[in-house]
């Protein structure tokens, strides 16, 4: 009956479809939610490159679900046209995907799966069904192990096991009956994880705790060495392990297999503590990842260690040799403090007498900490369109203050230079370092007109920082997200354009 009501509602509200995906609007969104048990909504922008990349996978997922699970509907909403809906659900970037159950618009769940069609389908099937499936009989048990890259099973019942299953979107959890347990050789009350890689099977020996079970599953669900790509990225970043060793190597290189083997050997000693990841330098999509680490294809093979978090601290090994021993020394050296953070820096320009002074990592401290000078510094990215649009105004600003000995108008390529204690989340970011001892750094958030910038600098940062018309909607028109997923960290979203 609900399916019939849902069909009638689609007609009544004139809900159109594109590629099997329902097109949501302010007029029909209520009916879509009310008349469908399970709804995944994509908030997108027509100009968003990541949304365009997702579109064919999203449509493919809709087609697969229409055949296997027609009760699950996929919806897309143009957030640039439907601002009221986007605002209601705090859409902060594109694409944003939210999952709704049983018409409850107040409890949308942030989508946490991958961006391939099969990932979307698997995530939705799990979210719309029981947290753990039931396996009855030997044949069902064998088939489940064969059909899943990773499956976690229990012989018996446990509320903690079910809680862990409910919190995990990527792995299949199953409850075995007596015959299935006998086939898989799982004793009563015990938990085992089966996988198609590495050891094949790992028995859980920890406490009956949802958190401990989840940690075990997260640790064992990834191979000793993971290849960085769209499919694995959500798993790499979605777990609790925040220290990653990365091997940048081209599969076409004759040393690839040897270097991969070194990673596999070293990874065994740090399992559950450090992830070991390989980035294929031959893959064009990985170029931004190399750029984020200050590398080019010519630098491959190379190794870096990164600690995820606010600092995204990177570390460089003391030797270019890639062996299990050198990799182990890198991890141990970082943990002991013997190897300190590596900050990228370009070389100081031979000529630096233009209206806009170029700052790099090597001359940053001495320039911005000069107590006799105000320094206005733009952090830019070479690929950032908004930075390019600002450039003529910024050049004029530099010329305006060219005769002032106490003012420096400066810029730095933040993709090639890093600065300890400086947080840059998007481009362009403009920071003001006032002259004087121990002066607080001020982030400029005002209008990007020449007049506003002049006022801000001349006032020593006390005026002109209120935000003007240009930045009233400080969004896609004015700001490009420092998308480490386009680089590294946010790659689990496979691209996310800041509003």
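Using the three backbone atoms N, Cα and C, a Cβ is placed for every residue, glycine included.
Keep in mind that TrEMBL annotations are predicted by a computer and have not been checked by a curator.
What TrEMBL lists as signal peptide is 1-19.
Summarising the annotation, TrEMBL assigns domain 'Thioredoxin' to 3-129 (among others).
According to TrEMBL, the disulfide bond annotation covers 48-51 (among others). In the three-state DSSP assignment, the secondary structure recorded for residue 51 (disulfide bond) is helix.
Look at TrEMBL and you will find 316-462 (among others) tagged as domain 'Thioredoxin'. Helix, strand and coil residue tallies for the domain 'Thioredoxin' (316-462), in that order: 46 helix, 26 strand, 75 coil [DSSP].
Using a 10 Å Cβ-Cβ cutoff, residue 387 (disulfide bond) registers 21 neighbours. Annotation source TrEMBL lists disulfide bond at 384-387 (among others).
Residues or ranges marked as region 'Disordered' in TrEMBL: 458-499.
The compositional bias 'Acidic residues' annotation in TrEMBL covers 466-499.
Counting every protein chain shown, the Cβ of residue 384 (disulfide bond) has 20 other Cβ atoms within 10 Å. The two recorded residues residue 48 (disulfide bond) and residue 384 (disulfide bond) have their Cα atoms spaced 14 Å from each other. Broken down by DSSP into helix, strand and coil, the domain 'Thioredoxin' (3-129) contains 54 helix, 29 strand, 44 coil. Other C-beta atoms found within 10 angstroms of the C-beta of residue 51 (disulfide bond) number 23, with every protein chain shown included. Geometry remark: residue 387 (disulfide bond) versus residue 51 (disulfide bond), CA distance 22 Å.
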